[in-house]
Amino acid sequence: MATLTHQDGVTAEHLQLSPSTRKKFITIIAAGVILLIIGVVLAALGIGEEHSAATGHEVGTGAGASAEHHEGSPVWLKRVLVSLWHSNVYFIGIAVIGTFFVALQYVAYAGWSVLIKRINEALSAWLMPGAIIMLIVFFVGRHDLFHWTHDGIMTLGHENYDAIVAGKSGFLNLPFYVIRMVTYLGIWWFFSERLRKLSLEEDINGGTEYFHKSINVGALFLVLFAVSSSMAAWDWVMSIDVHWFSTMFGWYVFASWWVSGIAAVTLAAIYLKQAGYLRFLNANHLHDLGKLMFGFSIFWTYIWFSQFMLIWYANFPEEAVYFNQRLGGFNGHYTWIFYFNLIINFAFPFLVMMTRDAKRQMIMLKIVCIAILIGHWFDFYLMIMPATMKAESGFVIEIGIALIFLGSFLLLFTKRLSQASLVPVHHPFLDESVHHTT
Amino acid sequence: MTKRFALGIFDDEDVLLHAIENIRAAGVKIHDVFSPYPVHGIDDALGIERSRLPIAAFFFGLTGLSFALWMQIYMLGFDWPMIIGGKPHIALPAFIPVSFEMTVLFCAHGMVITFFTISKLYPRWKVPVMDVRATDDKFVMAIELKDDASELSRLTQLLRENGASEVNEKEMTQK
C-alpha cells in the first residue's frame with residue numbers, strides 16, 4: 001500500500017558523475033570521429049557508397065568534377081555539412097522539447113511529472129551549443145543545403161533564375177532567414193534559462209511564488225513555441241525542398257521532436273532509476289511516460305498519414321514529387337527507409353506498448369525509447385537527405401556525426417543534471433508526484 | 001435468493017481507503033464499495049483483480065479492422081470495381097480512414113456493451129441499489145452477513161471504529 005501510507009523524507013538527491021560515465025560519452029564521440037574519418041576517406045575516394053547512374057552524376061572522384069548540381073563542395077564535404085544540419089536539427093529539437101515539456105506541465109497544473117522535471121530542464125543544456133552550430137553550418141554550408149540560396153536564382157534573366165523560387169523571395173531571403181533563425185533560437189534559449197532559473201531559486205527559497213511565475217512564463221513560451229516551432233520546421237527542413245510545400249509540415253516536425261523528446265526523458269529517467277537515483281520514481285510515473293510515448297507515436301503517424309494521403313490522392317506532380325523521390329526515386333535509394341520509418345516509429349511502439357504491463361516495465365520501455373530515438377533520426381534523414389544529397393547519401397559519415405552529437409549532448413545533459421538536485425524539493429506539487437497512482 | 005448486508009456509510013474517501021485496509025486486515029471479506037465518483041487506489045485496496053476488458057477491446061478492434069478491410073476490398077475490388085481518381089481498385093491508403101473508424105466503432109461499442117453486461121448494468125425494471133446516497137455524497141461499503149445474529153453487532157463495531165458515520169442492515173434480492 002505504498003500509495004496510501006504517507007512517505008516522509010523526500011530529500012534532495014545529487015547526481016554524482018563518475019569518471020567512467022564521462023569516459024563512456026567520450027568514447028561515443030571518439031567512435032563517431034573514427035566513423036566520420038573512415039566515411040570521409042571512403043567518400044573522397046569514391047568507394048563504398050552506391051552511385052546510381054539514374055541521377056546523371058558521374059561516379060565522382062574529382063572534387064567538383066560533376067558540377068551540374070554540386071555548387072562548390074565535393075561530395076564528401078557536402079555530406080558532412082548536410083549531416084551536421086540533419087543531426088543538429090534533430091538534437092536541438094529534443095533540447096527544446098525539454099523546455100516545452102516543463103512549460104506544458106506548469107500550465108496544466110500537472111503534479112505527476114514533478115519528479116522528472118529536472119531531466120527536462122537538463123535537456124535544454126544543448127540549446128546554446130546547438131544554436132551556435134546551426135548558425136555556423138548555415139553560413140558555411142547554405143549552398144549545399146538550400147537550393148534557394150544559389151546565386152542568381154531570384155534574379156530575372158540570370159541563367160539560374162527560377163520563377164517559383166523567386167516568388168518566395170519575400171520570405172526566403174538571407175537577412176530575413178537569419179533574423180528568424182536567431183529569433184527562434186533566442187526565444188527558446190531565453191525561456192529555457194528563465195524556467196530553469198526560477199526552478200533553482202525555488203529550491204533555495206521555497207514558497208509558491210516561483211510556481212505562479214513559472215506558469216506565466218510557461219504560458220507565454222507555449223504560445224511563442226507554437227508559432228516558432230512551426231516556422232522553424234518550414235525554414236530549417238521544408239525550405240530544403242524549396243519548390244514543394246505542405247501545410248502539415250510544422251506539425252509533422254513538431255510531432256517528430258515531441259515523441260523523441262518524451263523518449264529521451266523516459267530513457268534518462270530509467271537510467272537514473274537503475275543507477276539508484278530518483279528514489280520516489282516508480283512504475284506509475286513510467287506508466288504515464290509510456291502512455292505519452294504510445295499516444296504521440298500514434299499522433300506522429302496520424303500527421304504522417306494526413307500529409308501522405310492527401311498528396312497521394314490528389315496526385316499533383318508538384319506535390320507528389322516529394323514522395324516520388326522517397327518512394328522509388330533515385331533507383332530506390334530511400335525506399336527501405338520510407339517503410340522502415342513507418343515500422344519503427346508506428347508499428348513497433350504501437351504493438352509493443354499496447355498493454356499496461358509493457359508500459360510499466362523498464363526493459364520494454366527502454367527498448368521502445370531507443371527504437372523511437374533511432375526511428376526519428378531516420379525520419380529526419382528522410383526529410384533532409386533526398387533533396388540535398390540526391391542518391392549520394394550514405395550512413396558512415398551520417399552515423400559518425402550523429403554519434404559525435406550524441407556524445408556531446410550527453411556530456412552537457414549530464415553536467416547540467418548534476419548541477420542541481422534531481423528532485424525539486426520545494427515544488428508545491430512534489431507530494432502529489434511522490435504519491436502518484438495511475 | 002435473498003442476501004443480508006451490513007452497510008457502512010463513510011463521508012470521506014481517505015477514511016474509506018484506510019477503513020478498507022483495516023477491515024480486510026481484520027479478515028472480513030468486503031462484498032463491494034459504492035462511491036459517487038472513481039476513487040484512486042481503491043481497486044488495489046480492495047484487492048480487485050485487473051479487468052480483462054482491454055483484451056476484449058483488442059479483439060473487438062481487430063474484428064472492426066478486418067470487417068472494414070474485407071468490406072472495402074470486396075465492394076471496390078470485386079463486387080463493383082470502379083476506377084476512382086486513376087487509383088487501383090484496391091487502393092489501401094484510401095481504405096485506412098474507414099478502417100480506422102470501423103476499428104474505433106467496434107472497439108467502443110463492444111467495450112460498452114461488454115462492460116454493462118458483466119457489471120449487470122443492463123436496463124431492467126427493478127434496479128438493486130444498496131443505498132441511494134452512494135450516488136450523491138456518501139461512500140457505501142457492503143459486507144455480506146452470513147451466519148449468526150452477533151455478526152452484525154461485531155461488524156457494526158468494526159465499521160464504527162474505522163470511521164463509518166452509520167451502519168445499516170439491508171436485504172437484497174439477487175438473481
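Note: Cβ is positioned from N, Cα and C throughout, glycine not excepted.
Curation does not apply to TrEMBL; its annotations are automatic.
Note that the structure is predicted; figures quoted are calculated from it, not measured.
Annotated features in TrEMBL:
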TRANSMEM  A:25-47  transmembrane segment
TRANSMEM  A:89-110  transmembrane segment
TRANSMEM  A:122-141  transmembrane segment
TRANSMEM  A:174-191  transmembrane segment
TRANSMEM  A:217-237  transmembrane segment
TRANSMEM  A:249-272  transmembrane segment
TRANSMEM  A:292-314  transmembrane segment
TRANSMEM  A:334-352  transmembrane segment
TRANSMEM  A:364-383  transmembrane segment
TRANSMEM  A:395-413  transmembrane segment
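If you look at the transmembrane segment (A:122-141), the same-chain residues 6 or more away from its ends with a CB under 8 A from one of its CBs are 73, 78, 81-82, 84-85, 88-89, 91-92, 94-99, 178, 181-182, 185, 188-189, 192, 196, 236, 261, 264-265, 268, 408-409, 412-417.
The transmembrane segment (A:25-47) shares the most Cβ pairs under 8 Å with A:395-413, out of the stretches A:89-110, A:292-314, A:364-383, A:395-413. Within the same chain, the transmembrane segment (A:395-413) packs against the transmembrane segment (A:89-110): three or more Cβ pairs sit under 8 Å, each pair at least 6 residues apart.
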